[in-house]
Amino acid sequence: MYPQGRHPAPHQPGQPGFKFTVAESCDRIKDEFQFLQAQYHSLKVEYDKLANEKTEMQRHYVMYYEMSYGLNIEMHKQTEIAKRLNTILAQIMPFLSQEHQQQVAQAVERAKQVTMTELNAIIGQQQLQAQHLSHATHGPPVQLPPHPSGLQPPGIPPVTGSSSGLLALGALGSQAHLAVKDEKNHHELDHRERESSTNNSVSPSESLRASEKHRGSADYSMEAKKRKAEEKDSLSRYDSDGDKSDDLVVDVSNEDPATPRVSPAHSPPENGLDKARGLKKDAPTSPASVASSSSTPSSKTKDLGHNDKSSTPGLKSNTPTPRNDAPTPGTSTTPGLRSMPGKPPGMDPIGIMASALRTPITLTSSYPAPFAMMSHHEMNGSLTSPSAYAGLHNIPSQMSAAAAAAAAAYGRSPMVSFGAVGFDPHPPMRATGLPSSLASIPGGKPAYSFHVSADGQMQPVPFPHDALAGPGIPRHARQINTLSHGEVVCAVTISNPTRHVYTGGKGCVKIWDISQPGSKSPISQLDCLNRDNYIRSCKLLPDGRTLIVGGEASTLTIWDLASPTPRIKAELTSSAPACYALAISPDAKVCFSCCSDGNIAVWDLHNQTLVRQFQGHTDGASCIDISHDGTKLWTGGLDNTVRSWDLREGRQLQQHDFTSQIFSLGYCPTGEWLAVGMESSNVEVLHHTKPDKYQLHLHESCVLSLKFAYCGKWFVSTGKDNLLNAWRTPYGASIFQSKESSSVLSCDISADDKYIVTGSGDKKATVYEVIY
């Protein structure tokens, strides 16, 4: 009559029955809560699987779009070739005898009659050849029908050469990875079944469904990776190899639409030292760069005629940037695409859709911007339960106990460990390319700092207890002023003592007095280079009386700031069309300039002459720093190398090779450590003698500038992801993080370590006060 699970009535005197105790009720509530928690966890896992599946489907869509676009181009190309050959034949035929003319005309007509049977036979033969090639390379292939759906393809226009080759390549790629994919699926299915058998709270049907979804996601993932590699190879034919480092441009992403564009050679800076195509003969361009406020994937145009912002097809690079439909917390999404007539070498233009193939699709966060400037100490109360956070994010925990203890001692909140801008919905994706076992530490806190040993072994860094405490370590930074420069700010520097800030944009440097709160206009403007050329670097001599400016021109301008009105004291002319970075020796006698041709020019400032050139970089030299004692120089280049130079002997000392272009670097004033900012979004901290290094993973896109504090205990980096990150030297504990509204291209720290200035793509510089 009553349900079996009905709770017993309270015990009354004189009646036999169970004793009512609070402990039993609490246990029952606890059991029910654990059951609900397990159900919630399984639903969360299923939701994550579906989200991953959706991501992979979107990538597949992009991949097929890219493939169809490529085939369409190839078809038009082959059609045009056929028309031209026809014209040539028609012109040559009259020179033949009458008899030969008829034979040739008949042969031409026969050649035009390609039937579907012949076409299918040709495709079948190509697939057979692909199978033989696959057999020779990867062992016996898995049989594959001529068409992915098992049907014969519909009529295709008769094409020759590389178009049919592309079809064969597709068939080969599909067959080559099927066997590997199936084997991996079996392993993963077994693993999921073993996992589900140990989970009492999930029903068998749920386990089976989860394993099926897991296998489907693995299929998508393997296929997407393989197809990305195939597309990169097959589409590279559309690119020429002529792109070199002097073709670097700046994209003013926030420029008013009504403003007429200047010559294509002076397009504004896009983030990440992107190289431009076809601009070599027009003008030097340069490596810093600027992005849109919504961090849309940058684009590269093949044709200068398509240099319009809103219509340029193309793609940026392998750097992960958020999709336009998923704005980062605290930023406003700007409609429209930001075009960028530049690219790093080896990137292939096929359409803006292609960039999503190389771009993780992020989900929006529900956490707003105010978290951006909170210190980690203030954030530690958020979601401190390790099991709650691990359950929420389905995070694997295979880290060492030492790392766990260190993380607990460090006390970094889960939210801040992704940057104080909200949760990352897929923590293991945060550290790009890392195995899932390295993506988090016990307790569900994602790792972002890793120690890389000499043999390449990567381990999360256990932070010491004083990682965020102690003398000279800031707690956070607060924004105190905004300097509206009016153009993209590619270079900033602060005077010593801290009073003036110099901001370099298009064709001029503006001087601001930050000692007066609320100052909204510059006190002076230094017009240099050409009006449309961007300034890439400006450096003050230690006495504060001389400013050296370099950028998209072959000349460096030396300004005398001590005169009643600043004036040009001298100009230094080099053979390179652009200067990307400057450094001044501690004794202020020598200036070093990074040239777009890869050379490092050494200038005697007293005699205003070129005294030496360091040659070694095979592509543009993009960044530079000098040791505190003035004996060693460090340079980074677009040739993926960092080199050190002995200034006394004038020779190269060391060379570090990377897999990514180098956009920024800084040498610790106290010696030993060199921090390097990559196009791949990593920051790497190298020891000047030991092979060990640290790898830091909080940026989501190109790391565009980097600067050490003068005490050497911390440094800051800025990126295309709109972030300013402050790191502990050398292991990279995140001290604080600030989110700006656009790409942050440049930064500087005052000599007393009390102020930070950044220059960004939304035409302003921002002054921060460092709070200790």
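Don't overthink the numbers, they just go from 1 along the chain as shown.
Placed from the backbone N, Cα and C atoms, the Cβ positions cover glycine too.
Comparing Thr334, Thr565 with the features listed in Swiss-Prot, the residue bearing the annotation phosphothreonine is Thr334. Swiss-Prot marks one residue of Ser286, Ser385 with the annotation phosphoserine, and that residue is Ser286.
Swiss-Prot records phosphoserine for one of Ser203, Ser521, namely Ser203. Counting Cβ pairs under 8 Å to the repeat 'WD 1' (484-522), the top-ranked stretch among 530-569, 574-613, 616-655, 657-696, 739-771 is 739-771. Across the repeat 'WD 1' (484-522), DSSP classifies residues as 0 helix, 16 strand, 23 coil. Averaged across the repeat 'WD 1' (484-522), the predicted model reaches a pLDDT of 91. Secondary structure counts, DSSP: the repeat 'WD 5' (657-696) has 0 helix, 22 strand, 18 coil.
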